[in-house]
Amino acid sequence: MDIYEYVSNIISDVRINGIDALKRYSEAFDNYSGGFTVTDDEIEDADKSIKPGEKDAIKNIYERIYEYHKNQFEGQKINIKNGSIYGIIYRPIDRIGLYVPGKRALPSTLMMLGIPARIAGVKSIVLCTAPENGNVNKYTLYIARLLGIREIYKIGGVQAIAAMAYGISMKPVDKIFGPGNKYVNEAKRQVFGITGIDGLYGPSEICLIADDSANINYIKNDLLSQLEHGEASSAYLITNSLRIYNEVKLENVKKYYKETVEESIELANEIAPEHLELLVNDPLKYLNIIRNAGAVYMGEYGPVPAGDYFLGVNHVLPTGSSARFSSVLTVYDFMKRISVAMPSKYDFLSAVDSGLKLASIENMKMHYKSMEARI
Ligand SMILES: NC(=O)c1ccc[n+]([C@@H]2O[C@H](COP(=O)([O-])OP(=O)(O)OC[C@H]3O[C@@H](n4cnc5c(N)ncnc54)[C@H](O)[C@@H]3O)[C@@H](O)[C@H]2O)c1
Ligand SMILES: N[C@H](CO)Cc1c[nH]c[nH+]1
Ligand SMILES: [Zn+2]
């Protein structure tokens, strides 16, 4: 059975059989058979068990992520010209679902999802994450509290995506956000249309371009950092230095030699990686030829893990070459654009003839009459 059919069967089962199916899949995949709702007591216990130093680190990073995202939204765009009003207004999505990997828990991801959601003004937020030994990761719960998220479910994988989309054991959501493994991403792809999705944010990837000036240790550590996410992750090294090409010998890293940094970047554009790291002299001068990447990290102090954790940039990024058409998560992903028009009489009359012609071309009689009646 291919992954499409496999995931589709789970989604249908959850849609048709509801909570019974959720229970079966939670038992089968997450070894969990308790209730799905996280209680206030569990949140309180998590809070108590976290050390003050850990809380400070989380709050510091929360602030940095907030700072980076707070001015992303550039405001409503309403133009008033010669008495006409044309524009686009933005409105937060009413209700969203956040998916945070839970078994090998990534609490940092909740900050990356929840902070821009709150900045965008989303009011109703649900969190789904798989339990580990029966419990949701305590740091995830602490961050949920910082974000004011109170509706939290111990559900992971495909069944969580189906539950949020079809409203099983909860009210359905309008859009689902968050990264996950191949099953989670296939599930998101399949429920798109019933609900919105942010993008295809799958197993982590790094493409590192190094010239002869790059530190070999940095190269090795940075490549291995993203492979640490699991066997589905990928790492590419592209270099114009034969020395580096020969010295970096790492299992599971795909290596390429190119004559120049420009050619290396062209190959990276074809790969369209989630993360593109440049360990080259004067990296800024290459920015204008980078076309396909989820995020670009440059210079000695820009290793991908710093972006994963504390720089403040978002670490929820397109993978599997989807950076060709998709982007890093921003505040805008949590909003809808609505076009707005209020033409003046003058503006209407100056162009209505063209509108009437087009209505005739399309043979739309009532469209024609609607406009004609105002002349
Ligand atoms: N692109 C990004 O922005 C980004 C950010 C953070 C993490 N990630 C990636 O997210 C991924 C997280 O993956 P994960 O697996 O740790 O967590 P996950 O939460 O995505 O998946 C775990 C869940 O998958 C389900 N599952 C496991 N095996 C299954 C099977 N055989 N059939 C059906 N369902 C099954 C289980 O319900 C389990 O809870 C990693 O690959 C990581 O690299 C990506
Ligand atoms: N590298 C991941 C994005 O691909 C994000 C992450 C979370 N925690 C550690 N890393
Ligand atoms: Zn990472």
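Quick reminder: no glycine exception, Cβ is built from N, Cα and C everywhere.
For the substrate site, Swiss-Prot records SER204, GLN226, HIS229, ASP308, GLU362, HIS367, and the single candidate of HIS69, HIS275 listed with them is HIS275. In this structure the alpha carbons, written CA, of ASN181 (NAD(+) binding site) and HIS229 (substrate binding site) are 10 Å apart.
Within 10 Å of the Cβ of HIS275 (substrate binding site) there are 27 other Cβ atoms, across all protein chains.
Looking at SER204 (substrate binding site) and GLU274 (active site, proton acceptor), their Cα atoms lie 7 Å from each other. Cα spacing between TYR99 (NAD(+) binding site) and HIS229 (substrate binding site): 17 Å, rounded to the nearest whole number.
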